[in-house]
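The following features are taken from TrEMBL:
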{"type": "SIGNAL", "residues": "B:1-19", "note": "signal peptide"}
{"type": "DOMAIN", "residues": "B:49-156", "note": "domain 'Epoxide hydrolase N-terminal'"}
{"type": "ACT_SITE", "residues": "B:375", "note": "active site, proton donor"}
{"type": "ACT_SITE", "residues": "B:432", "note": "active site, proton acceptor"}
């Protein structure tokens, strides 16, 4: 019995890989999936830009409450300034060139087209191995969030970083339903499905072992990837950690942590960031999670207007870039965004894609992203309530 | 010795009297909601007539936006599970463009006299319908009817004739009403408050001033959704002016230990907790019908109570987005089972003209953002935290409990707050938008409730 118990402790539990089909209609019974990796370039047109400009010009705004700053959400006076910049100074064609500076590709996995960028180091010192690194974005971000960090990872020496032994080739996919990855047509596409699709992607690119990095949804997806195929994941780096299993022990350490942090394994920095607990973790979480609640339950409703109104989309997304960067930005009339012109590229990216009629549909509606919330959280809830 | 006894007794009596008074009424909330500083001059007290108008420019702007609408294909076999199904939404938009006639609907809106007046710095819009004829010796009873979100004064257009002219609709004309339907500030044609802090007590105070301004010293009030809360607050502010309060929603926001116990055990020992068979049928299994349902349906309230300006922004700019957002509620809150239908069951209980007219009120007035702020002003500190939520209501109350309301409140719970429930009826059918969906049922319940109150002169009895 002792031997049995010891052996069962050593067995690592993994998530089942499973399989999926996300394309339109029925899964074709015959024929193998097209596994080609096709180069891809982002494009725009005069028509697209004119349509955008027209929508920006006809925007309706509601006057904000006096003294509200960003406490009621995105301040409409500041929004008008953002839109004026967007209409008159922001150059989407130029940004498209910026986006295309890295190599983009698409490949079909489980019935949908997966978009990704693949950046190899331009120079590899003799005898150095290049580590593959998969970096996964979140919401309301995109592969574009990594554009500044990629050169620091592929060419650390050039950026005065101590490279040690490490140089990376970076792969940044778009989560299906985001950016230039096709949106799933079937229900049920959650983080686990994404994890499996990304493993298949890395496999198709010829990688057997790789590093993973993620924040926001990227954190959840890469965590699932590590749980699914631990033998393929050399290391997992996260800039956000989800903990869904709260237990009695956690509750106790929360209660004691404010007074005797060392007893429950918390550092001084932990205490500074976590407490007052109710204020920071419950009240503030409730204040900031309305979007999550509605996206996890009624994504098609929430996303509909945002797909049709670029200004509405901008307000919705930029609000996150304000509050999630620094909570104190709530008190500012501009939400602390003045330095965040980068954010505009994200918005333009989402808005500018026209309804696609081609078979390789670039279905990038904001709704697709919000559906993702629904799938993940709904399946969590179902697990809770089906017990 | 005697003196001390008297002093102590006197203090105790005075304390009880004062504390009882403090507990019973909610103070009237004065305010100034206009732009900038409150001027020194006296407020303009006139009431002026108002007519809804439209222009060619407004219409062509709308059509242009409908034409350029961008839709996303729904997931296969998702019906209304993910929210408003965009395939059905396309049909609605097509109807909106090609068959819906806004000019004609504006005439429909204008068939009842409407007015505006300035109260506490903002223009308050209201409909005021007097009975077309009154039998000899009878006077019209003033009835204030308050809408909610995402509704409007238009929800009452079908029930108004049943109350102002019951005889012509096969109802008893023992009681005839003159009906006042205001728009909550920030909704429809009432000006939106410019200052922070405008909550249900503010709205109740403004409507109280409105009724007094119109010369009504005693009146009835009826409401559902936000109208439930506003009329409840009004009953708490001015119990001596309100003859009766009728509600088609009676939520309990002050949940306590006893509620928790009754949820856990109520299915097995209903009698112990005052539950009737119908209560048990509607409430249990509680996880599915109570908690899970609330979580599934309250995303909108969560985001509106925290970031109204963000969520409302796109809806104020995209009529299709606005329609999707509002229609979803008319589907799910009418019958939760409708979310299994491709068309959300919308046209089973409503016609598209009525639904779109309500949506147009939000669109042409640009009020979606200010309407959402009401959630933040009322809920930002959480549910059950406001002072008025702990106060009871002594005004004679009638509750019409519709079966498809999102969450059921049993009489056993309601009577802890509404201490003077005169009638509580389980309605045979209908959901959240009772006045629009089941005007006859609601009118009958109001009439029987008023009948009871008038017969026993119940409003005089409270305060004894």
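Cβ coordinates come from backbone N, Cα and C, glycine included.
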Please list, in sequence order, the residues in the chain of residue B:432 (active site, proton acceptor) that are at least six apart in sequence and whose C-beta is under 8 Å away from its C-beta. B:224, B:225, B:249, B:329, B:333, B:334, B:402, B:404, B:405, B:406
For residue B:375 (active site, proton donor), write down the residues of its own chain that are at least 6 apart in sequence and whose Cβ falls under 8 Å from its Cβ; none is a fine answer. B:149, B:301, B:304, B:305, B:308
Any idea what the model's mean pLDDT is for the domain 'Epoxide hydrolase N-terminal' (B:49-156)? 96
In which DSSP state, out of helix, strand and coil, do we find the residue listed as 'active site, proton donor'? helix
